[in-house]
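Chemist: Got a structure for you, written out below as structure tokens; questions coming shortly.
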Ligand code: KIV
Ligand code: ZN
């Protein structure tokens, strides 16, 4: 088994810094619950000083999630640390994570501070954080581009001031595995009090080396890896949690260490995060891509049929990919449907949600001969993460062709009012979106549109993801249907409902007077 490696998940902090990603408090809580089921050791829940929404989300996670350490990020400044503590103090196991840049380039051009000032700030702020919270992590930002002798001094000082964990970030994804491994070894050999702290690593993926660098650090004495589901994070992202964990598990003979991750929860976590962030997973992504366990060539298929290990180094089951046990179709009853939901991990759905999902299932079964697990998951996720449907599409009709202008007519219901609108556009989807915008009375910017088939076959469900922007905030939502224009319309109205909910109904923005809301 070897040493335990602590898995620090930063999906909700660095991961949420992924361009175009914005999660509301309910979505963050849902992800945090799933991270708890996944067995991560530490959840970095956000950056509390960054916004009121971040603060509330960190606080809600600290209040509701038991088991993992809950941490929040803070610059090495009193106000940041106080705010982080204000949100984290409810946690069963709180940790303050404070940072300051230590590379010459950052100190000179960003902080405009001398190395002596940075050293003093790091020492005093770690001491201050420790006076509030029993567990403190310190990160020297841009660590890998920091002069080693200076870094050793800073690390020694912050350990003396009470830091329990020292995280060495490769902030710009610049290092290479051999270099980073030697860098970590240098810290172990040259920081005199290093045995009093845990060494952590945090690698960005600008050169595609984040996972390799993290693993090289493990080989040189690091005990904590900071990573994010699906490799989300700033720019090219962070080390992908699922890749780091499965590398350690599959090659435990090489790394001689283990994690406590429940690997069977990986697929579920990855798909939840993709669903809620709207960030698609590339087909050939290691571990969680749709091709990760698919064998296309005849030689490979033959080999796997004879002996799985010929071409499979880990089993699909070990990451939670399940086989279809019984195919559901239009003659399947509620009981079989509910049973399948339980097998797929949706055991705690209330009966209203199950009923709604069952109605949609029956509706789909009329259009499609056999319903796969992927279809059911797509339907049920729509129910589980549905914000109140203030705006509903009652009816839509499109007309399009190669020699005509596409037109769409829609009827949208808001409370007891229905509004009819029509528009033409650049194709049926554009026309439908424009007609919906007119009916709802808002103007949003469409930032992203993605259509994929769930499963295969001509009758496959189409799943559309849209991202819309309003007031510099991004809202992402999905819609599914066997008709891709309908899936698009559903995704668009769902995104508008999310925006409406965020702006006017969620607890963190309870200032709006609903009476005035006929149209947004
Ligand atoms: O990449 C980075 O340096 C960070 C730190 C704040 C840990 O995200
Ligand atoms: Zn980072």
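Glycine too: its Cβ is placed from the backbone N, Cα and C atoms.
Not my notes, these are from TrEMBL:
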- 14, 202, 204, 238: Mn(2+) binding site (BINDING)
- 5-267: domain 'Pyruvate carboxyltransferase' (DOMAIN)
- 392-520: region 'Regulatory domain' (REGION)
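Give me the local environment of each listed feature.
Modeler: According to DSSP, residue 14 (Mn(2+) binding site) sits in a coil region rather than a helix or strand.
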Chemist: Determine the mean pLDDT over the region 'Regulatory domain' (392-520), rounding to the nearest whole number.
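Modeler: PLDDT averaged over the stretch: 86.
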Chemist: For the binding-site residues 14, 238, which one has the sparsest Cβ surroundings, going by other Cβ atoms within 10 Å?
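Modeler: Looking at the binding-site residues 14, 238, the Cβ with the fewest others within 10 Å is that of 14.
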Chemist: Could you break down the residues of the region 'Regulatory domain' (392-520) into DSSP helix, strand and coil, giving a count for each?
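Modeler: Within the region 'Regulatory domain' (392-520) the tally stands at 41 helix, 55 strand, 33 coil.
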Chemist: If you check the binding-site residues 14, 202, 238 one by one, which have a CB less than 6 Å away from any atom of ligand 1?
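Modeler: The binding-site residues passing the 6 Å Cβ test are 14, 202.
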Chemist: In the structure shown, which of the binding-site residues 202, 204 has the fewest other Cβ atoms within 10 Å?
Modeler: 204
Chemist: Using the Cβ center of 14, 202, 204, 238 as the Mn(2+) site position, which other residues in that chain lie within 8 Å, going by their Cβ?
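Modeler: Going along the sequence, the neighbours appear as 10, 169, 171, 203, 205, 210, 226, 227, 228, 233, 234, 237, 239.
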Chemist: For residue 238 (Mn(2+) binding site), just give me the three-state DSSP call.
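Modeler: It is in a strand.
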